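Report on the following structure.
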Amino acid sequence: MDPLFNTTEFNGTGNNGSGNGSEGLNQFVQPVWQIALWGVLYCSMVAVSVVGNMVVIWIILAHKRMRTVTNYFLVNLAFAEASMSAFNTVINFTYAVHNECTTSPPSPRCPDAPSATSTGPSTGLDFRKLYYVCVTVLIYFLPLCIMGCAYTIVGVTLWASEIPGDSSQRYKEQLIAKRKVVKMMMVVVCTFALCWLPYHVYFLLHQFFPDLFEQRYIQQVYLGIMWLAMSSTMYNPIIYYCLNSRFRAGFQQVFCCCSPTVGKEELELKSPRYMQTQVSIYRASRLEAAVSTSVEIKTV
């Protein structure tokens, strides 16, 4: 995670600063009530993210019907997001609030530290700006382009495929289910892109327009942008709940303790024993239909 790229000392030309070299305003020092408010917001986000992603993992691993290849990918994603929210978010919020200069490589927030990047004397190339542009492209825009192209190809393939007129009902249901999964994953990718875009734009703006970051409330802006970026870890369980009936049934099982059987039959989140019972009923009905047909033939 990138550190805060702002100096801890405000020069005498800023707000509330005087030209005689007196101590100016430090825009990173916050009153206690602001720190407490941000703490509540970040803790709430971490709690929702960890609980939601743990429930997603439980829904998939505890129900045999949910153990598909796609859902195992969601287990991996949920575990990564819960870990990031529990550890990365807490550490970065603590760093941002206490304004500690403990990062490497150094940033403008650590003005006395030696800089690892410099401007080339012969070419005039600003390697620091080039570095952050490359980082943004490699860790944000490039992965988004790859995921966007992949899901677009899969989506076009599924939506373009026609359901044959004589196909079985199960084939139709599988194709419709796959289309819903692709739609859900596209929503996940778009949510991730929207949450992290302001974060990367923030650091690019600092490199090209550093004067903007001498404003009094820049620390509040950064904390808000970082909260939005880190909150991307808590939206996926909400998306699963809204767009997938089985995940919705699983969340209802966990949180609707007063009615644990709510939506089970309708949403098809059934135990292996229940599925075996359904198969037995299906076979019995088939056998009964075959016997009835043979009896009618004999009667005729």
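Indices start at 1 and increase along the chain as displayed.
In case you wondered, yes, glycine gets a Cβ from its N, Cα and C as well.
According to TrEMBL, the feature domain 'G-protein coupled receptors family 1 profile' maps to 52-81 (among others).
The feature domain 'G-protein coupled receptors family 1 profile' is assigned by TrEMBL to 101-240 (among others).
Marked as transmembrane segment by TrEMBL: 35-61 (among others).
The transmembrane segment annotation in TrEMBL covers 73-97 (among others).
Marked as transmembrane segment by TrEMBL: 130-160 (among others).
Under the heading transmembrane segment, TrEMBL lists 181-201 (among others). Nonlocal intrachain contacts for the transmembrane segment (181-201), taken as residues 6+ away from its ends with a CB within less than 8 angstroms of a stretch CB, comprise 70, 136, 140, 144, 147-148, 151, 154-155, 158, 225-226, 228-229, 231-232, 235-236, 239-240, 243-244.
As annotated by TrEMBL, transmembrane segment applies to 221-243 (among others). A Cβ distance under 8 Å defines the sequence-distant neighbours of the transmembrane segment (221-243), meaning residues of its chain 6+ beyond its ends; these are 4, 6, 38, 41-42, 45, 48-49, 52-53, 55-56, 74, 77-78, 81-82, 84-85, 88-89, 92-93, 96-97, 180, 183-184, 187-188, 191-192, 195-196, 198-199, 202, 215, 251.
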